[in-house]
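Q: Dumping the structure here so I can ask a few things about it.
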Amino acid sequence: MADPSGLIAAVAAMVFFGSYAVPLKFPVVVAAQVDPIVYQTYKSFACFATSWLVLIYVPLRFTWWGMVGASMWCTTGIVAIMAVRLAGIGVAQSLWSGIGIFVSYIWGAYVFNEPIKHPLLSMMALGVMAVGMMGIGMAASGSLSPGPSRVHALSPKGKTRKMFSFKREEEIDLIQMDGEAKAVLPRPVRDEKGGSKYRRDNKFLQGILCAIFVGVSNGSFLIPFKYATKEIHGVEYLVSFGVGAVTISSAILTIYSMLQVYRGKPPPSFHFKAVAGPGLLTGVLWSAGNVCSIVATEYLGMALGWPLVQCQLLVSAMWAVFYYEEVSGRKAASVLLGSCGLVVVGAMMLSKFGTI
């Protein structure tokens, strides 16, 4: 029987990881159009600040593998912000969570040569996951919607839409902030056949590609931790990771700002008043999920703990369907949630018949 402490940690990680991108969709953040690198800097600072809390329970230890893991996380975090903006929180997180499980399986089974209990059943599990990801794509494409309608991907239902002013609704949204109308990323609209059309050079496809990158990187995220366990134990890894996160994010921001100035453009604005709170909250939620995922993996092992943590996609899908209404129509919403369930079932099959 699985350890109750591990199960509790896995469920907590699901909730935190499935919710950490929600502040990114706050209307004030959308209106500010904060640069992803700036937002990642806020996240990294929160990660750095909270990582020291583990010293209450463990001694201070440092490993360079934490720096490696942090560099992967910072890069992935910037791309993840772009994915959420362009493809929506439900589609983006569902896609990268499913792909992440698939990639982590490949690392374990074929790179580190971990034993596979049942190769055929493991391949069947991967097939179930693939079907689930196809369903997510269908639901996101708009092909399952009953007819022409708008999809409100940028604001939570019934609470902030009054902030939006539509001039040419089919092409662009404007947000009124401090007396100035600022353009924001276009949201999907329905064509005459009920299909989804994205303006401005097919930004939705760009978001999908970003989510795929995040999935591959997330699937490789625990590789530095795997090597670090030869030097440190469990959450001792977090301080090194936090130091690496704030160091690398600061370096990226500095280089990026210098390039902007060199090109004759202003450096990115921090939008401190509007974005600091949501940005730090995003970092705190992610850090909490990271701690819980490490604890879950320690108690349950990689074979069970990591797939359970990746059920975060159900939480993100709930946010997308019931709060942000990113999916139009009951059929599309049902397919999205059902497809997320298939990905989770596939992950659980892998935990039983294979190895991760």
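Just so it is clear, glycine is given a Cβ too, placed from its N, Cα and C backbone atoms.
Unlike curated records, TrEMBL annotations are generated automatically.
From TrEMBL, here are the annotated features:
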type	residues	note
TRANSMEM	37-58	transmembrane segment
TRANSMEM	70-89	transmembrane segment
TRANSMEM	95-113	transmembrane segment
TRANSMEM	120-140	transmembrane segment
TRANSMEM	204-225	transmembrane segment
TRANSMEM	237-259	transmembrane segment
TRANSMEM	279-297	transmembrane segment
TRANSMEM	304-324	transmembrane segment
TRANSMEM	330-350	transmembrane segment
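I'm curious about the neighbourhood of these features; can you describe it?
A: The list of residues near the transmembrane segment (70-89) in space but at least 6 beyond its ends in sequence, with Cβ under 8 angstroms from a Cβ of it, reads 21-22, 24-25, 36-37, 39-40, 43-44, 95-96, 140, 153, 185, 203-204, 206-208, 210-211, 213-214, 217-218, 220-221, 224, 240-245, 247-249, 252, 316, 319-320, 324, 326.
Sequence-distant contacts of the transmembrane segment (95-113) (same chain, six or more residues past either end, CB-CB distance under 8 Å): 80, 83, 87, 122, 126, 129, 132-133, 136-137, 208, 211-212, 214-216, 218-223, 226, 302, 306-307, 310, 312-313, 316, 343, 346-347, 350, 354-356.
Only residues 6 or more beyond the boundaries of the transmembrane segment (304-324), in the same chain, are considered here, and those with a CB under 8 A from a CB of the stretch are 2, 6-7, 10-11, 13-19, 21-22, 25, 88-91, 93-94, 97-98, 100-101, 104, 152-153, 155-157, 222, 289, 292-293, 296-298, 333, 336-337, 340-341, 343-344, 347-348, 350-351, 356.
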Q: Mark yes when the transmembrane segment (37-58) and the transmembrane segment (279-297) have three or more Cβ pairs under 8 Å (sequence separation 6 or more) and no when they do not.
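A: Per Cβ check, the transmembrane segment (279-297) touches the transmembrane segment (37-58).
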Q: Which bits of the chain, at least 6 residues beyond where the transmembrane segment (204-225) starts or stops, bring a Cβ under 8 A of a Cβ in it?
A: 65-66, 68-69, 72-73, 75-76, 79-80, 82-88, 91-93, 95-107, 137, 140, 188, 196, 198, 237, 294, 297, 302, 306
